[in-house]
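Presented below is the structure to which this report refers.
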Amino acid sequence: ARTVNMMEAISNAVKNNPFSSPFHQAKCEGFKVNETRTIAAASAKEDTSCEFGSNKYYALCGFGGLLSCGITHTAVVPLDLVKCRIQVQPEKYGGIVKGFKVSIKEGGAMELTKGWAPTLIGYSMQGICKFGFYEVFKIFYGNLLGEENCFLWRTSLYLISSASAEFFADIALCPMEACKVRIQTQAGWSTTLREGFPRILKEEGINGFYKGLVPLWCRQIPYTMMKFACFERTVEALYKYVVPRPRIECNKAEQLSVTFLAGYIAGVFCAIVSHPADTIVSKLNQAKGSNFMDIAKDLGFMGMWKGLFPRIIMIGTLTALQWFIYDSVKVYFRLPRPPPP
């Protein structure tokens, strides 16, 4: 009997062929789990602009990611600049208040805008990949797991989908991140992207843009895994224990308020998890010829936690705004937003 069941399972897997394309539409069954709720993804018939898992759906999710990451990261450039300087020169810049005072004293208010161009371009590209590929991988892995396992292992599904998406997102981000950190932390270095990008290319070649890729993965992948998994489960918990009615019965303002709160909670955890690697990235792009392990040894355990408080403020606010903008795009374009199975 076990052999027969195994052969049937293999046969069904071959027929379904989930590896044919990661862009095929999600398949959701409509069986009931109680009298008032069914497990079914929203479709275009339910006042939505496209099918869940369609190419249009992925494209609009990527557009939402572009806006959410590009706008928010650019908006917090002054705080990011001070945070990076505290990480690479803690003896000079001290804490967040002193960091702002010293930076303004040395270069005026415009000093705080350094690195805005590579930030805008780099994080817009990252946002497209982060959010767009997250939706792709979540549906792709979900089809492999099946409907019931998607629910039972949904946290694992969020973790592996976000990690896969961030892997590619960091490849898109890394060149601009290298330019940004050098503009912000190296006195006398080029002050604009127009000057800095060709300078790195001329002096260090393509490898100069990607010397920080491994520590960037170490920073961003845990950050993104926490960002998506914590957000998804927090939203679920808020609707279950805090909000007095299901999401479908809430108006748009109420839904987006829950999104913002869940995003901020997720952001605090993200900042803590990814901070040591963030410090190493900042130091790595400051010290020419250094590597990941050398910087880690020089900093020591406590040194890798410099600048944590401003980063918690920055990442908490940034993550909350990112989810708010991303969900607002979904609401505006009437994208299907099915709940967990």
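Backbone N, Cα and C define each Cβ position, glycine as well.
Taken from TrEMBL as is:
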REPEAT    56-140  repeat 'Solcar'
REPEAT    153-237  repeat 'Solcar'
REPEAT    254-332  repeat 'Solcar'
TRANSMEM  256-274  transmembrane segment
TRANSMEM  308-326  transmembrane segment
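Under DSSP, the residues of the repeat 'Solcar' (254-332) split into helix, strand and coil as follows: 70 helix, 0 strand, 9 coil. Taken residue by residue, the repeat 'Solcar' (56-140) breaks down under DSSP into 78 helix, 0 strand, 7 coil. Break the repeat 'Solcar' (153-237) down by DSSP state and the numbers are 73 helix, 0 strand, 12 coil.
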